[in-house]
Amino acid sequence: MPMTLGYWDIRGLAHAIRLLLEYTDTSYEDKKYTMGDAPDYDRSQWLSEKFKLGLDFPNLPYLIDGSHKITQSNAILRYLARKHNLCGETEEERIRVDILENQAMDTRIQLAMVCYSPDFEKKKPEYLEGLPEKMKLYSEFLGKQPWFAGNKVTYVDFLVYDVLDQHRIFEPKCLDAFPNLKDFMGRFEGLKKISDYMKSSRFLSKPIFAKMAFWNPK
């Protein structure tokens with residue numbers, strides 16, 4: 001029986017999950033909820049189901065796999081990763097995975113706070129000023145390894161790919177000074193299942209955020 005992934009009809013927090021589902025060749029339904037337009041941003045399509053799905057903490061995204069009903073995007077990623085041994089194999093690798101999962105979410109939230117802010121035009125230059133230092137830390141952490149935990153793909157590569165790609169859309173030159181990050185992005189996009197997915201009609205790269213965001217390329 002296929003899994004069900006529920007989320008808004010945007011990229012948002014589901015992008016890394018969708019990528020991981022595709023990479024692992026998992027059968028799933030990508031259930032997309034539509035939000036209304038301004039000024040109300042009607043959410044009734046989701047709210048009408050929110051408390052009927054048996055979720056402990058009803059929220060989007062959610063993943064339903066038989067009796068397993070999971071919310072929180074990183075909990076979903078970890079669940080899928082455990083099924084496919086993509087959590088790191090050594091203690092050192094798992095430590096790197098744990099660190100990077102949290103670091104990537106911090107970076108994601110920092111960008112989102114700028115993009116959802118009514119003061120976006122004021123905050124954007126400030127954010128761009130600090131961006132090279134952020135990218136430098138990711139570059140140094142990756143080093144000469146092909147993947148962020150080491151020699152094998154783990155679920156945080158999906159998370160970091162998404163976060164770096166969002167920043168690449170936000171500021172197209174932000175990775176230019178970091179060849180290893182650019183190589184990582186190309187290596188990830190070159191994975192057969194990922195490449196096939198990105199060429200398919202199922203692939204959703206934009207919009208990144210919900211409709212109330214002040215920066216949200218279509």
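Backbone N, Cα and C atoms are what each Cβ position is placed from, and that goes for glycine too.
As written in Swiss-Prot, here are the features:
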BINDING   Tyr7, Trp8, Arg43, Ser44, Gln45, Trp46, Lys50, Asn59, Leu60, Gln72, Ser73  glutathione binding site
BINDING   Tyr116  substrate binding site
DOMAIN    2-88  domain 'GST N-terminal'
DOMAIN    90-208  domain 'GST C-terminal'
MOD_RES   Ser27  phosphoserine
MOD_RES   Ser44  phosphoserine
MOD_RES   Ser117  phosphoserine
Site extent for glutathione, whole Å (max Cα pair distance, Tyr7, Trp8, Arg43, Ser44, Gln45, Trp46, Lys50, Asn59, Leu60, Gln72, Ser73): 21
Candidate nearest Tyr7 (glutathione binding site) in space, where candidates are the modified residues Ser27, Ser44, Ser117 and distance is Cα-Cα: Ser44
Inter-residue C-alpha distance, Ser44 (phosphoserine) and the residue listed as 'substrate binding site' (nearest angstrom): 21
Rounded inter-Cα distance in Å - Ser27 (phosphoserine), Gln45 (glutathione binding site): 24
Largest tally of Cβ atoms lying within 10 Å of a Cβ, found at which of the binding-site residues Tyr7, Tyr116: Tyr7
Per-state residue totals over the domain 'GST N-terminal' (2-88) - DSSP helix, strand, coil: 27 helix, 20 strand, 40 coil
Chain-internal residues near Lys50 (glutathione binding site), provided their CB is under 8 angstroms and they sit 6+ positions away: Pro58
Neighbouring C-beta atoms (10 Å sphere around the C-beta of Arg43 (glutathione binding site)): 16
Secondary structure tally of the domain 'GST C-terminal' (90-208) (DSSP, helix then strand then coil): 82 helix, 0 strand, 37 coil
For Ser73 (glutathione binding site), nearby residues of its own chain (Cβ under 8 Å, 6 or more apart in sequence): Leu13, Ala14, Ala16, Ile17, Pro61
Sparsest Cβ surroundings (other CB atoms within 10 Å) among the recorded positions Ser27, Ser44, Gln45, Ser117: Ser27
Leu60 (glutathione binding site), number of other Cβ atoms within 10 Å: 19
